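S.K.: Found this in TrEMBL, in case it helps:
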type	residues	note
DOMAIN	A:1-95	domain 'FAD-binding FR-type'
BINDING	A:Val62, A:Phe63, A:Gln64	FAD binding site
TRANSMEM	A:98-117	transmembrane segment
BINDING	A:Cys221, A:Cys224, A:Cys236	[2Fe-2S] cluster binding site
Amino acid sequence: MHKISKSKQLSENEYDFWINAPLIASKAKPGQFVILRINEIGERIPLTIADADDSSGNIRLVFQVIGKTTAELGKLTTGDTILDLTGPLGMPTEIKKYGTVMIAGGGVGIAAILPIVKGLKNAGNRVITILGAKTAELVILQKECREYSDELIIATDDGTLGMKGLVTAAMEHVINKETVHCCWAIGPSMMMKFCTLTATKHEVPIFVSLNPIMIDGTGMCGGCRVTIDGSIKFACVDGPEFKGTEVNWDEFISRMKQYKTEEETCLAGYQKAQVINRG
Amino acid sequence: MARRSRTKTPIAEQDPAIRKSNFDEVCLGYTIEEGQAEAIRCLQCKNAPCVTSCPVMIDIPGFILSIKEGDMQEAVDILGKYTNLPAICGRVCPQEKQCEQVCKLGMNKNFEPVAIGKLERLVADWALENQAFSKHIQNNEPKNGRIAVIGSGPSGLTVAGDLAKRNYEVIVYEALHDSGGVLIYGIPEFRLPKRIVKKEIEKIEALGVTIETNVVVGKTITMDEIIDEFDACYISVGAGAPNFMEIPGTALNGVYSSSEYLTRINLMHSYEFPKYDTPMKRSNHVVVVGGGNVAMDAARSAKRLGAEHVSIVYRRSLEELPARIEEYHHSVEEDIDYHWLTNPIEYINNGAGELKGVKCVKMELDEPDESGRRRPVPIKNSEFIIEADTVIEAIGQGSNKVLLTTFPELKLTKWGYIEADPKTGTTSIPGVFAGGDIVTGAATVILAMGAGKVAAVEIDRYVRGKKNTPVTTKSLRKDKR
């Protein structure tokens with residue numbers, strides 16, 4: 001059992017938890033994730049480790065409510081417990097000195113870039129961070145990202161904060177003004193696909209972090225398989241980070257939708273039960 | 001001889017028409033009276049061949065004699081000397097290729113061998129029902145040492161149980177949230193009820209074994225830490241990484257590895273979706289590729305999930321089928337169809353990224369290869385399409401690299417398995433032992449247990465040789481109560 005030691009609501013559907021898990025906190029590196037299961041009837045879902053504090057034994061998870069499990073998780077608060085937490089899983093980001101790096105996070109993906117931003121800054125890089133979201137209130141973790149960035153650009157779809165437009169426009173803007181040695185993009189699959197196209201156009205190497213459907217997260221089922229440079233890889237053990245140019249995006253996006261109907265059924269059932277419980 | 005029945009005492013089974021829509025156990029097991037009737041058939045051979053063909057050398061005539069005499073407790077005690085998981089082995093061992101194959105009664109013309117597996121199951125189930133076992137009470141006796149076991153499948157559980165009996169402090173690390181390995185995520189409920197697995201594991205915990213779930217060795221804790229903190233360790237992580245045929249269309253929705261399909265069903269209870277959160281697609285036409293027990297399990301599970309039509313595509317013929325013959329018969333009774341001498345070559349897209357059919361080719365058998373089995377070769381222009389919305393590949397598994405890549409010092413075979421002496425379980429690193437599927441490649445539950453028994457003896461010998469001073473108990477984990 002893992003206790004939620006701190007919890008905070010970031011936006012209408014986004015939550016920020018610190019959870020007690022000393023073994024994971026002592027090992028977690030940027031780019032890695034955990035698998036969690038809330039209770040006995042729960043499913044296993046992957047979430048990126050947004051931060052880890054070895055001294056207090058806590059890890060930070062930031063998530064968006066998109067289905068039943070995240071809705072249920074969002075109902076939990078400080079002092080509540082989570083049944084199973086496994087990690088840290090996946091290969092860490094290759095943190096080293098590249099020179100100038102650009103890291104783009106979209107929506108809840110901003111939480112996933114935070115440890116990478118931090119790691120690359122501490123490794124002596126010039127860090128340009130781009131935060132993208134639909135609207136101002138969804139631009140999460142601004143303060144933390146700013147702390148570890150030499151430059152921070154915010155882009156919102158509706159122009160309520162920072163520049164109006166997509167992160168790809170912000171990427172163009174940066175690349176046109178200075179040399180970028182390497183970049184990262186984490187967020188919705190469409191965003192990562194288009195960030196890859198933008199980076200490739202300017203011949204900047206790009207890494208993305210894939211978030212396919214996972215079950216065990218330890219390489220024993222292949223549910224998370226993706227085609228990378230023409231061959232099958234398991235995102236949970238070979239990734240989740242891959243070169244954006246090597247990802248078969250259409251296939252990846254199609255496989256994400258596999259359980260759409262079932263996921264909707266499950267969420268609807270949960271919401272109905274919630275309404276009944278509230279009388 | 002005259003009074004012995006020629007055939008095995010019949011055993012009750014769920015009716016095929018009913019059981020193909022539920023996940024309850026198919027075989028209902030003997031009553032004590034039926035067991036005694038079967039026990040009478042045993043010839044009580046001196047130098048019984050059944051004993052030597054059992055990988056853990058159970059005193060088979062001994063426990064059968066106890067059943068015959070009505071002393072179930074004595075039968076339990078005899079089994080307990082040799083096996084830690086009798087209720088499981090009695091159910092899933094391929095007895096027809098082991099103990100029962102060499103049974104002298106069965107050697108007689110028109111006689112079936114003694115139903116050894118079913119009798120073992122009877123005794124084990126009786127014990128689980130009637131024998132009280134309480135949680136181990138920590139004694140103050142100094143332990144002989146601390147042993148880490150990596151992986152809680154049949155091999156790891158056997159080592160853990162045997163070493164606990166030898167007064168070692170044993171901690172088992174399991175990556176998943178439940179212990180049991182393939183017993184819990186692979187073999188379905190209808191062959192091996194999970195409550196049986198859980199009870200057998202509780203029995204092992206009662207011996208003083210601690211099982212830590214959600215620990216991925218290599219990630220959550222490293223091999224360096226294990227080597228530092230323990231006197232010895234046993235690696236039994238199995239062969240759990242699925243192989244794919246890698247034919248066109250593998251990425252289509254509706255294409256599964258058997259590991260994913262069975263993990264969703266068994267470990268995550270997706271057959272009870274949406275009561276449980278893990279979803280499973282509803283399928284109408286299912287094709288399973290492969291001929292092993294895993295293929296049978298996947299096909300029979302698909303049928304139980306309500307698929308209208310389930311077929312198995314196997315590249316050889318019935319004669320070469322590696323699955324247990326009992327399970328093959330069960331599958332036929334449950335309306336599973338077979339395409340013999342057939343191999344898939346492409347999965348066909350319905351235009352929306354979903355599977356709509358499996359393109360196959362007919363095969364013929366050539367000369368025997370090194371393994372002694374006749375090699376299947378495709379017949380030209382024999383392609384045909386089987387309609388399918390789900391395909392499950394059950395073509396075998398390889399070694400999972402998560403632990404091995406973080407431990408490069410450990411010597412591997414050219415197949416990527418751990419190089420270990422089959423007689424002792426010793427690896428290239430002193431104090432590190434290994435056994436089960438991670439050494440042999442995917443094999444059977446009982447072979448994994450056999451490897452565990454051998455290793456437990458060697459680990460004990462190694463630790464005693466290494467030191468004479470007992471260690472104190474301290475827990476490695478900080479975040480478990």
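Backbone N, Cα and C atoms are what each Cβ position is placed from, and that goes for glycine too.
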S.K.: Given the binding-site residues A:Val62, A:Phe63, A:Gln64, A:Cys224, A:Cys236, which pass a C-beta cutoff of under 8 Å against chain B? Sequence order please.
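M.R.: Sorted by position along the sequence, the hits amount to none.
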S.K.: Please report, as numbers and ranges, the same-chain residues at least 6 past the borders of the transmembrane segment (A:98-117) whose CB is under 8 Å from any CB of it.
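M.R.: Distant contacts of the transmembrane segment (A:98-117): 14, 16, 29-31, 48-52, 61-64, 125-134, 138-141, 144-145, 148-149, 167, 170-171, 174-175, 178-188, 191-192, 195, 204, 209.
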S.K.: Hey, how far is A:Phe63 (FAD binding site) from A:Cys221 ([2Fe-2S] cluster binding site), Cα to Cα, in Å?
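M.R.: Rounded to a whole number, the Cα-Cα distance is 24 Å.
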S.K.: DSSP on the domain 'FAD-binding FR-type' (A:1-95): how many residues come out helix, how many strand, how many coil?
M.R.: 13 helix, 42 strand, 40 coil
S.K.: Would you mind reading off the Cα separation of A:Cys236 ([2Fe-2S] cluster binding site) from A:Val62 (FAD binding site), to the nearest angstrom?
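M.R.: A Cα-Cα distance of 19 Å.
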S.K.: Far apart in sequence but close in space: which same-chain residues, 6 or more away, have a Cβ under 8 Å from A:Val62 (FAD binding site)?
M.R.: A:Leu10, A:Glu14, A:Tyr15, A:Asp16, A:Phe17, A:Thr48, A:Ala50, A:Val108, A:Ile110, A:Ala111, A:Ile140, A:Leu141
S.K.: With H, G and I counted as helix, E and B as strand and the rest as coil, say where DSSP puts A:Cys236 ([2Fe-2S] cluster binding site).
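M.R.: Assignment for A:Cys236 ([2Fe-2S] cluster binding site) reads helix.
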S.K.: How far is it from A:Gln64 (FAD binding site) to A:Cys224 ([2Fe-2S] cluster binding site), counting Cα to Cα, in Å?
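M.R.: If we compare the Cα positions of A:Gln64 (FAD binding site) and A:Cys224 ([2Fe-2S] cluster binding site), the gap is 20 Å.
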S.K.: Other than A:Val62, A:Phe63, A:Gln64 themselves, what residues in this chain have Cβ atoms within 8 Å of the centroid of the FAD site's Cβ atoms?
M.R.: A:Leu10, A:Glu14, A:Tyr15, A:Asp16, A:Leu47, A:Leu61, A:Val65, A:Thr70, A:Val108, A:Ala111
S.K.: Within 10 Å of the Cβ of A:Cys236 ([2Fe-2S] cluster binding site), how many other Cβ atoms are there?
M.R.: 28
